[in-house]
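As given in TrEMBL:
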DOMAIN    5-138  domain 'Cytidyltransferase-like'
BINDING   9, 10, 17, 91, 92, 93, 101, 129, 130, 131, 132, 133, 134, 135  ATP binding site
BINDING   9, 41, 76, 90  substrate binding site
SITE      17  site 'Transition state stabilizer'
Ligand code: PNS
């Protein structure tokens, strides 16, 4: 049985993330979405809220209904060892993603002693979502723009609430 982890900040989960998890699930018997902390980013949503939104979105699609969602409490490689993963799956929207992801993949390989037991698999995302990033979703929402068609149901409301709620999100500096 092959197990893969799809890690990320998921702050919030987007339609682009769902596309990658769906593709990962077609390649691996078991997929675990790992909601982790990116030290380079300040999260808008708390980890439990990010987990809840991801769980609801994945459960709503029969293709991903059996995907687990868990918080990654520390290093991703430790989490992967605990769940028995043989692969980390990350989506690529373009070259900038690859440039950001390659050092992380190599660091994770370094942390596993260079073993071949855990490989990072890069999956090109659907081009329809090439412009969809959690950071842009938050920025558009912060300025009162529409983001409902970029994220699963319920996520846009959660983002707006976290930003201060509805029209209030528009007036935040
Ligand atoms: O969605 P992101 O922000 O691109 O995902 C990056 C993430 C959260 C997967 C990465 O920062 C991570 O793995 N964090 C967990 C802590 C860890 O293992 N850090 C070393 C990564 S090389």
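Every residue gets a Cβ built from N, Cα and C, even glycine.
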Protein Cβ atoms within 10 Å of residue 41 (substrate binding site), excluding its own: 11
Cα-nearest neighbour of residue 17 (ATP binding site) within the listed binding-site residues, 41, 76, 90: 90
Overall pLDDT of the domain 'Cytidyltransferase-like' (5-138), taken as the mean: 97
Largest CA-to-CA spread of ATP binders 9, 10, 17, 91, 92, 93, 101, 129, 130, 131, 132, 133, 134, 135, angstrom: 18
Filtered binding-site residues, from 76, 90, 92, 134, whose Cβ is under 6 Å from an atom of ligand 1: 76
Distance [Cα-Cα, Å, rounded] between residue 92 (ATP binding site) and residue 76 (substrate binding site): 19
From binding-site residues 9, 130, 132, 134, the one whose Cα lies nearest residue 76 (substrate binding site): 9
Candidates 9, 134: member of the binding-site residues with the richest Cβ shell (10 Å): 134
Per-state residue totals over the domain 'Cytidyltransferase-like' (5-138) - DSSP helix, strand, coil: 59 helix, 26 strand, 49 coil
Position of peak Cβ density within 10 Å, selected from the binding-site residues 17, 92, 101: 17
Rounded to the nearest Å - Cα separation of residue 90 (substrate binding site) and residue 132 (ATP binding site): 15
Integer Å distance between the CA atoms belonging to residue 9 (ATP binding site) and residue 41 (substrate binding site): 9
Which of 76, 130, 132, all binding-site residues, has a Cβ with the fewest other Cβ atoms inside 10 Å: 130
